[in-house]
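Worksheet: the structure to be examined is printed underneath.
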Amino acid sequence: MTTLSRRDTMALGLGALAAAFVLPKVAVAATDDAIAAFTGGASVGQGGITLTAPEIAENGNTVPIEVSAPGAEAIMVLAAGNPNPDVATFNFGPLSGAQSASTRIRLAETQDVVAIARMGDGSFVEARQEVKVTIGGCGG
Amino acid sequence: MARGFRSGGAAALALVLAAPLAGADEVIDDELVINGEIPIVTQAPAPEHVEAFSVIRSGWTFRSPETQAMEMDDFDNPAILGVEAARDDFDASLGANGESCASCHESPEDLAGVRAVYPKWDDAAGEVQTIEMQVNECVTERMGAEAWPYDASRMVNMSALMSFVSRGEIVNVAIDGPAAETWQQGKDMYYTRYGQLELSCANCHEDNYDNMIRADHLSQGMVNGFPTYRLKNTKLNSVHNRFKGCIRDTMAQTFSPGSPEFVALELYVASRGNGLSVEGPAVRN
Amino acid sequence: MADNVKPRVRVPSSATAGEVVTIKTLISHQMESGQRKDDAGNVIPRSIINRFVAAYNGETVIDVTLEPAISTNPYFEFQAKIPESGTMTFTWYDDDGSVYEDSQEITVG
C-alpha cells in the first residue's frame, strides 16, 4: 500500500498546475504558427478589419461570424482554442464586391476567434474577439 | 445580427405578471416574420386549459439573437434542406400501387393547415394520430409500401414539410370529444416525475421557464416549432425525439418515438400552444 | 460522393451594371471533422468540403479554403460586383474528390 506524503501530494499538484499551463500553450503555438505561415513573419497591425461574432454562442457547433476588411486580398480566420486552429481563408477575386464574408464555425470551447487580413499593399492587420461557448444544461 | 439585445429573465417575469397582450407587446419587441412575409405569433394569451401561464411563448423567444436570426430567412435555415428532400419524396411513387403523395394531394401546399390541428382524433383508426402516423397510413394503406420508421430522417423531413406549408396558421388542437381521454393521459404524463432526478415536464418548463439550467435558457417547452433543426446535432429533430432526450436526461428509461405514451404527450403539449403559430421547421440550440 | 449533397444558392436574377450584389450559398454536407469517435471508440475519418469558389463569367469573386472547423452544411454570404450580364458559377470541392457545381444567370438591363 502506498501512502502519499505531503510532499508527494504537492508535487502532484504542481504537475497538474504545469499541465494546465502547458496545454493551452500548444494551441497558442499552433495559432502562432498558422499566423506566421500566413504573414511570412511580417508584423501584424490593428484596425481596418472587423470581426463580428456573438459574445456568447448558444451552441459551439454553429457559431455565426462575419469578417470584413475593405481592400484586403485575403482574410484568414483562426479559432485559437480549437484542437486545430485553422477555420477558413477567404481569398477575394477581381469581382469581389466587398472584402467581407459570413459563415458558421465550430468552437470547441470558450476562446478567441482571430481574423487576419492581408491587405493590397502587403501589410497585415488583425482583429480578435473572445466567444464564450456554453456547456449545455440538459440539451436533450 | 443588427437587432438589439432581447429581454432577459426579469423582463419576462414582468411579462408574465402583466396583462396578457399589452404587456407582451411592451416587453418583447422583436417580432418573427419569416422571409419578410410570414408573420409568426410567438406569444399569445394562454389557453384556458393551461392554468400556470397567462402568456404562452414560442421557444424562439428564448433563443439568442443569432439563433433567432437563422429562422428569419429560409435561406439561412438549414431545416429547409429537409423540406426540399421531402418535396422530392412527395412526388415519388412508392410501393406496389404506383402512387405517390401527389396522386391524392396535388402539392404539399394542398395540405396547408393540417399541421395546426394535429395530433388529431381519427375516427376510422379509433385513436389519436400524429402527422407521422397519418403519413404512414398513406404510405402503407394507399401506396402499399413498407411503413417508414417513425423517427427516420425521411419521416422527419416529411413532417417538416407539413409544418412548412402551415407556417403562420394558428395551432388549434382539439382536446375534447373523443380526444379527451388521450389528452388527459398526456396531461398526467406532463405532471409525472420521471427518473432518478424525479423531474416532470412541468418542473422545468412550467415552474422554471426563463431560468437557466446550467447554461441553457429554459423555455416553456412549446412544440409549435417542430420538427426543429438543432444546432446541437445539426439536423432536424422530431417532437418525440426531443421528448426522449428530456426523459432520458431525468435518468429514466424513456419511451420510444411513436409510442402511445408519446402520442398522448404530444397531443397535450401541442394543445398548450393553442394560439401560437405553426413555426416549424424552426431553429433551436 | 458523400450522401445527399445538395447545393443551394441565392443570387439576384438581375442587376444594374457595376452593382454589388449579395450572394448566399448553403450546401448539405456532414463536414466530418476527423476529431470525432464512433461508438466503438474509433476515430471517424475526416471528410469535408475543403474549397469553395464563386466566379462570374470566369473571373473569381471569392475562393475559400475550408477547414474542419466549418459547421455542418457550410454556409457563406459574400458580395459580388456585376459588370455585365452573365453566369455566376459555384464549385465545392470534397475531400473524396467529388466536385459539386451550381450556376445562376444574372441579367444586367
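Backbone N, Cα and C define each Cβ position, glycine as well.
For B:1-24, the entry in TrEMBL reads signal peptide.
According to TrEMBL, the domain 'Cytochrome c' annotation covers B:86-169 (among others).
Annotation note: B:C138 (heme c 1 binding site) sits in a helical segment as assigned by DSSP. Proximity of B:C138 (heme c 1 binding site) to non-local residues of its own chain (separation of 6 or more, Cβ distance below 8 Å) is seen for B:C101, B:C104, given in sequence order. Residues or ranges marked as heme c 1 binding site in TrEMBL: B:C101, B:C104, B:H105, B:C138.
Sequence annotations record features per position, and here TrEMBL assigns domain 'Cytochrome c' to B:185-278 (among others).
Secondary structure at B:C201 (heme c 2 binding site), as computed by DSSP, is helix. In the shown protein chains, 23 other C-beta atoms lie within 10 A of the C-beta of B:C201 (heme c 2 binding site). If you look up TrEMBL, you'll see B:C201, B:C204, B:H205, B:C246 marked as heme c 2 binding site.
The substrate binding site annotation in TrEMBL covers B:R242. For B:R242 (substrate binding site), the same-chain residues 6+ apart in sequence whose C-beta sits under 8 angstroms from its C-beta are B:V223, B:F226, B:T228.
Summarising the annotation, TrEMBL assigns active site, cysteine persulfide intermediate to B:C246. In this structure, B:C246 (heme c 2 binding site) is part of a helix by DSSP.
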Taking CB atoms only, which of the binding-site residues B:H105, B:C138, B:C201, B:H205 fall under 8 A from chain A?
none
Apart from B:C201, B:C204, B:H205, B:C246, which residues in this chain have a Cβ no more than 8 Å from the mean position of the Cβ atoms of those residues at the heme c 2 site?
B:L199, B:S200, B:A202, B:N203, B:E206, B:L218, B:G221
May I have the list of same-chain residues other than B:C101, B:C104, B:H105, B:C138 whose Cβ is within 8 Å of the Cβ centroid of the recorded heme c 1 site, in sequence order?
B:F90, B:E99, B:S100, B:A102, B:S103, B:R142
Please give me the CB contact count at 10 A for B:C246 (heme c 2 binding site), counting all chains in the structure.
21
List nothing but the one residue from B:C101, B:C104, B:C204 whose Cβ has the fewest other Cβ atoms within 10 Å; the candidates are the binding-site residues.
B:C104
Counting all other Cβ atoms within 10 Å across every protein chain shown, which of the binding-site residues B:H105, B:H205 scores highest?
B:H205
